Amino acid sequence: MAPAMESPTLLCVALLFFAPDGVLAVPQKPKVSLNPPWNRIFKGENVTLTCNGNNFFEVSSTKWFHNGSLSEETNSSLNIVNAKFEDSGEYKCQHQQVNESEPVYLEVFSDWLLLQASAEVVMEGQPLFLRCHGWRNWDVYKVIYYKDGEALKYWYENHNISITNATVEDSGTYYCTGKVWQLDYESEPLNITVIKAPREKYWLQFFIPLLVVILFAVDTGLFISTQQQVTFLLKIKRTRKGFRLLNPHPKPNPKNN
């Protein structure tokens, strides 16, 4: 009976530790998100950093780190109000005993125009948004976006650039120009890098379900085999018992007489 108990355990372990999309279902690092989603902001603006977990543990408190120093904030959200230059730098968060998040870098500027991006490093296939932002949200007209020194897009009224599926060809140096109060201004350049998506996950999406199917097949096979063995042993036992009932007294051996 032992084999029948061991294999379901293996199957359960596989189902617990592997998610349907082929990713290990173990506690992952938390991730810091920004709202608004720009990591380059003007002095005096507000931004909220949120430490997003994966709900593996019930989060009771959060640790925030700014440039390596522990913050007094223990909530899952860190509010930066009336941003100062000192608020620039690296931010990380941590939930309980889970590893620290990957760092997020915030930059505080004082300028007339600021090119903002949803991310400076983008995974291939992910969306990318660019914004030519005016100081104190002042209107910007005759906006031109540039990539690697060449004009990319022009609008008389300011609009964002939306790239639905970023490719490695979208990597480059971006900046924007525009008019604020009838004066021409140019933003600081921003380097955008699009990296290729890792290929390992694709084969994992096929391997993990296959592993579960194999474990299930082994589990079923062992269960059937064990059932057959038990049935066979019970049949032998019943046969021997029936034979003893039909022959309660053994026949005498003539040689002993």
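Cβ from N, Cα, C; glycine included.
If you look up Swiss-Prot, you'll see 1-25 marked as signal peptide.
The topological domain 'Extracellular' annotation in Swiss-Prot covers 26-205.
For the domain 'Ig-like 1' (30-110), the model's average pLDDT works out to 91. Annotation comment: Swiss-Prot describes 30-110 as domain 'Ig-like 1'.
Swiss-Prot lists Asn46 (among others) with the feature N-linked glycosylation site. Within 10 Å of the C-beta of Asn46 (N-linked glycosylation site) we count 12 further C-beta atoms, all protein chains included.
Under the heading disulfide bond, Swiss-Prot lists Cys51-Cys93 (among others). For the recorded site, Cys51 (disulfide bond), the DSSP three-state label reads strand. Cβ-based neighbour count (10 Å, all protein chains) for Cys51 (disulfide bond) stands at 23.
Long-range neighbours of Asn67 (N-linked glycosylation site) (same chain, six or more residues apart, CB within less than 8 Å of its CB): Gly89, Glu90. In the three-state DSSP scheme, Asn67 (N-linked glycosylation site) falls into the coil class. Per Swiss-Prot, N-linked glycosylation site is recorded for Asn67 (among others), and the stated evidence type is experimental evidence.
Look at Asn75 (N-linked glycosylation site): DSSP puts it in coil. Among the features that Swiss-Prot reports, N-linked glycosylation site is placed at Asn75 (among others).
In sequence order, Lys29 constitute the residues six or more apart from Asn99 (N-linked glycosylation site) in its chain with CB-CB distances below 8 Å. Marked as N-linked glycosylation site by Swiss-Prot on the basis of experimental evidence: Asn99 (among others).
If you look up Swiss-Prot, you'll see 111-193 marked as domain 'Ig-like 2'.
Shown in sequence order, Leu113, Leu114, Leu115, Gln116, Val140, Val143, Tyr145, Asn158, Asn160, Cys176, Gly178, Ser187 are the residues of the chain, 6+ apart in sequence, with a C-beta less than 8 angstroms from the C-beta of Cys132 (disulfide bond). Reduced to three states, the DSSP call for Cys132 (disulfide bond) is strand. Residues annotated as disulfide bond in Swiss-Prot: Cys132-Cys176 (among others).
The N-linked glycosylation site feature in Swiss-Prot is assigned to Asn160 (among others); the stated evidence is sequence analysis.
DSSP assigns Asn165 (N-linked glycosylation site) to coil in the three-state reduction, placing it in neither a helix nor a strand. Same-chain residues at least 6 positions away in sequence with a Cβ under 8 Å from that of Asn165 (N-linked glycosylation site) are, in sequence order, Gly125, Gln126, Pro127. The feature N-linked glycosylation site is assigned by Swiss-Prot to Asn165 (among others), with experimental evidence given as support.
Reduced to three states, the DSSP call for Asn191 (N-linked glycosylation site) is strand. Swiss-Prot lists Asn191 (among others) with the feature N-linked glycosylation site.
The transmembrane segment feature in Swiss-Prot is assigned to 206-224.
Residues or ranges marked as topological domain 'Cytoplasmic' by Swiss-Prot on the basis of sequence analysis: 225-257.
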Comparing local Cβ density (other Cβ atoms within 10 Å) for the glycosylation sites Asn75, Asn160, Asn191 points to Asn160
Through the lens of DSSP with three states only, how would you label Asn160 (N-linked glycosylation site)?
coil
Counting across all protein chains present, how many other Cβ atoms fall within 10 Å of the Cβ of Cys176 (disulfide bond)?
27
Nearest to Cys93 (disulfide bond) by Cα distance: which of the glycosylation sites Asn46, Asn75, Asn191 is it?
Asn75
Asn75 (N-linked glycosylation site) to Cys51 (disulfide bond), Cα to Cα, whole Å, comes out at 9
